[in-house]
Amino acid sequence: MSLFPSLPLLLLSMVAASYSETVTCEDAQKTCPAVIACSSPGINGFPGKDGRDGTKGEKGEPGQGLRGLQGPPGKLGPPGNPGPSGSPGPKGQKGDPGKSPDGDSSLAASERKALQTEMARIKKWLTFSLGKQVGNKFFLTNGEIMTFEKVKALCVKFQASVATPRNAAENGAIRNLIKEEAFLGITDEKTEGQFVDLTGNRLTYTNWNEGEPNNAGSDEDCVLLLKNGQWNDVPCSTSHLAVCEFPI
């Protein structure tokens with residue numbers, strides 16, 4: 001049997017195999033549907049080389065790292081404003097009455113009584129030697145002669161006021177106390193002719209001498225108690241006996 005008659009057929013098979021690698025199955029069917037049939041897909045090749053780095057992406061959110069150690073305490077800050085007062089608490093229960101030794105109580109009462117007795121004796125001595133008492137007033141003089149302003153200062157120093165009779169009994173007590181003319185706590189310095197006491201109250205009792213007050217020297221703003229018990233207006237700058245009154 002000769003090989004030559006099959007040679008054309010072998011060449012045709014090689015050409016068909018080579019052509020099938022360069023065309024798709026669909027194209028081959030279109031060109032030669034009756035001669036060549038499509039073969040199965042070939043084996044995958046090796047992976048290609050890595051491509052170039054892409055563009056830099058946007059910054060991501062910070063990740064949750066490990067919690068660090070607790071730091072040292074900071075400096076003490078300034079004190080805050082005081083808060084509002086709290087509501088009052090409930091009322092407590094009534095306590096038991098206190099007890100004091102009977103000896104201390106009786107001793108205090110005894111000392112108080114002795115002191116009161118001594119004060120009463122001193123008051124009598126003062127009344128007998130230097131002063132006069134009428135009702136709840138005690139009139140006292142130190143025998144000094146001075147201006148009206150100094151008399152006021154002297155009486156205030158001893159928590160008293162310049163003697164101011166409110167009735168005939170007080171006026172007579174002051175008259176019996178003095179041996180010479182004395183200032184009274186009465187003036188018309190603010191309003192001429194309107195005599196008031198040192199607190200600004202108008203007088204409810206007067207005992208002016210005949211023809212007084214007359215403001216003879218145009219500056220007679222103070223009042224004297226004369227030896228006869230009557231009153232006379234005089235300048236406050238003159239000097240006369242100081243008499244103070246003490247409430248008791």
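Indices start at 1 and increase along the chain as displayed.
Glycine is no exception: its Cβ is also placed from the backbone N, Cα and C atoms.
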Range annotated as coiled coil - as stated in Swiss-Prot, picked from 17-35, 112-130, 226-244: 112-130
Rounded to a whole angstrom, what is the C-alpha distance between Cys236 (disulfide bond) and Pro82 (4-hydroxyproline)? 59
Quick one: average pLDDT across the domain 'C-type lectin' (134-245), no decimals. 94
Sorry to bug you, but what's the C-alpha spacing from Cys244 (disulfide bond) to Pro73 (4-hydroxyproline), rounded to the closest Å? 73
The compositional bias 'Basic and acidic residues' (49-61): DSSP-derived helix, strand, coil residue counts: 0 helix, 0 strand, 13 coil
